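Heads up: the structure comes next, in structure tokens.
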């Protein structure tokens, strides 16, 4: 009767069997689930899934008493069976009354969101402008207030409504995208129903379901444990914040339901061992559901780019308010006294409104919100799941990628290729060709090797495919165990009477210690069953043989071995000669990129083992004590080929200035061989701990940690370190490792060592570190990294710890994600450079000239608002759809700590280059039109209150008409000049001839569409009769429609010349000033 390392509630101690869907060595979990944490603004209120629970959440947690019951009482209370589980009829009935196993998100206070839409961003400035405009209409407008002022106020109010509506739509669209992303990962659980193991959506769990969990799985509901391995451990950090692993037991350890260890609570993880339990609470009635109900609304958190934009918004808003106040103060203190008829209070306010509207890059907050959702949607189409929008921004800063090997760089489809004994090696092809014949001579040691391979194995065949060919059968378990299991199942050697069914029938499994990343081995205790004929042949011994079978890393098992099996089945001492021989075989296979396992055994006949009276913990302690005197049976080499697209992806990542480190638990030579195959290591000379310790690096002495990274002109150097080496590294050693080496392989690492590597790398060189992984042992490093990247086929623990999940398990998606992260920052820079010259320069100059230089305002407040809120927003949004520039992945990574959205080079581009071309051109058009009306420069400039009836023989109506037409000319000139600004800002270095928006790889049809839209807006403003009557707009002469196009072409030509200089003379002053 088998006794796995499991404490069973069944009186017989019998495990669930392999018949039907039950497993010979227990049941393997196959559910996959993931909780996605997204920004609070992206949460959608889920529809009711369960009958309403009116109980106070805190009281509900306090009332839990299932942990105080015995296992028999648990089955009785929930009317379920320890072997059959629930029956289908019971499931249907409970599903109708209990609802779905879904935790409702926190309630969203929509009134707060609405207030943020209406008053957030730059809208509060619009409210100020609206209020003062209303004041300028009444009471400051007197008995005959200007309809223009009321029209501007209505327009500002309309702008606020449109902006708020747009923000709400973007937010709603983002929530829809993130909600659809949530559905990309199936949430499943494995249960026993009607006596059969089956995988179901976790939302369909009901109270009383019998759920089976194993290492790496997430607990889908609140469960009372009824069967647990002695090494069972849970990660409760998501629920309680505890970072330590919490043991799981069958006995109550505390009266407090949150402290006792015989409950597995929803959203916790099995990080070691396995268990079976009965569901006692689901969805909102689970502990996690009740905590969510008590926690209220999730607080909104800004992403890093949103923080920068918000900071930028505060600066711009302060400047806008400051200039507005200055303009009013100048009018009140100077103009009102010296030029009393120049402007009334109402006119002064309405003209100064431009300070508030000109400085406002209204398109910027819109573009930030829009860009993140656009990129998230693009990434989802490429099967890249981001759990929050901040991850997208951080991807653009990635400077070091620490990649796991198995399943990430390699295909994760392992096949056993080689068997090595003391005196020979045999490939899989040779075994299949020569050893399957009846009369073939086969080494007797194959019998012992198959015994260890088949019985000391954590993988299991899925019973649903038991009739399929061996190569097509589904196997549940670790890829390494899967390869060994498939090989041992297929191995049939007639001359030895060797096949898997015979082997299974002649052995009984009694106990096991599963593989873990710290021990790096698995142990099984089996009893060899003898028939009476066999016993008589062996001297009449009527007792079964007891064996310890061990499979694991050779370097971990070699020290425990005292003997080695020869091919004829006899043993000899595992002396230095034999040890060196086996080590040579291991290194030869490792050099070929094969993962090597050692298979060992030991007879336990002399060990006092009483499975009837000893607990699993006592047996485990005894096995550790007896873990010595092993006999080395042989080695097996397992091949896991690199993914075909990984070398290209690694090359792309490295060209982007990102260092790629391999961090794996595999043997050093195996890891190094794969690293060379995929391009992580390209140097012939690879340093080790010896060369590292001999390094003398005086340049690191006194250097701040942020500067500890390879210099651009440093030669590429490679290093390989083992986990044992990592344990010995001192801070000064880490300085050399991170500061000197570009290519690094960390082999034979434990989870703690992986975590150490990530922490030390982050502490130096201002590195933004990404980590890839798919196993439970990768979770600590994934959590500690700046960007955790999990594989879609990985464990639930890894996917929960990660910030990004590659649903298609494709490493080649990583450079795409990096490019997307860089693209967001790149496009936002372009938006700022596009918006600022026209707003804070060309528009503002008209207010400056009006207030300080006595000139009629060249751009009315209505046209300023129109240009800032309509034209610029439409055009800037088109920049969010820009595709990456050809050199985007050739630049160095952005330093998240020092590189800002704007810097001094931006202001040179905005104010000393584009701005200096734009505002003189627009102002020149104003003066040109006045000149054609017979008004020279000094007839317009510094005239103050002279601009009135009789000025140069013109009436007030004529002068007003001149100003109206001049303002419309100024407006049209700005609209068309922005075409040149937009086309020039699309590329930092590349000519528009190679990246036009109409065709080719950089096609962006949003650009011409935006141009057409802004042109139509201008036509409506100038020729709309109602607008002409209220806002004093007017048609302009035909020549003033054409001339601005030459200005736009001039801006584009000058910027093309600048780019040519930058490309031709990359070390010139112009190149250093280039943004």
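Each position is counted from 1, following the chain as shown.
Glycine is treated like the rest: Cβ placed from N, Cα and C.
TrEMBL entries are annotated by machine, without manual review.
Taken straight from TrEMBL:
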COMPBIAS  8-21  compositional bias 'Polar residues'
COMPBIAS  42-55  compositional bias 'Basic and acidic residues'
REGION    1-21  region 'Disordered'
REGION    42-62  region 'Disordered'
TRANSMEM  114-135  transmembrane segment
TRANSMEM  147-170  transmembrane segment
TRANSMEM  309-334  transmembrane segment
TRANSMEM  349-375  transmembrane segment
TRANSMEM  831-855  transmembrane segment
TRANSMEM  902-929  transmembrane segment
TRANSMEM  959-985  transmembrane segment
TRANSMEM  1005-1024  transmembrane segment
TRANSMEM  1036-1054  transmembrane segment
Pairs of Cβ atoms less than 8 Å apart decide it: which stretch in 147-170, 831-855, 902-929, 959-985 has the most with the transmembrane segment (349-375)? 831-855
Chain residues in Cβ proximity to the transmembrane segment (114-135) (below 8 Å; excluding those fewer than six residues from its ends, i.e. six or more beyond): 149, 152-153, 156-157, 159-160, 163-165, 167-168, 171, 313, 316-317, 320-321, 349-350, 353, 356-357, 360-362, 365, 861
Sequence-distant contacts of the transmembrane segment (147-170), meaning Cβ under 8 Å and at least 6 residues beyond its ends, amount to 113-114, 116-118, 120-123, 126-127, 129-130, 133-134, 136-137, 141, 346, 350, 353, 362, 365-366, 369-370, 373, 860-862, 865-866, 869, 1030-1032
Which residues of the chain, 6 or more past the ends of the transmembrane segment (959-985), have a CB below 8 A from one of its CBs? 830, 833-834, 837-838, 842-843, 846, 856-860, 863, 866-867, 871-872, 875, 878-879, 914, 917-918, 921-923, 925-926, 929-930, 933, 935, 947-949, 951, 992, 997, 1007, 1010-1011, 1014-1015, 1017-1018, 1021-1022, 1032-1036, 1040-1041, 1043-1045, 1047-1052, 1055-1056
Does the transmembrane segment (1036-1054) reach the transmembrane segment (902-929) with at least 3 CB pairs under 8 A, where each pair is 6 or more residues apart? yes
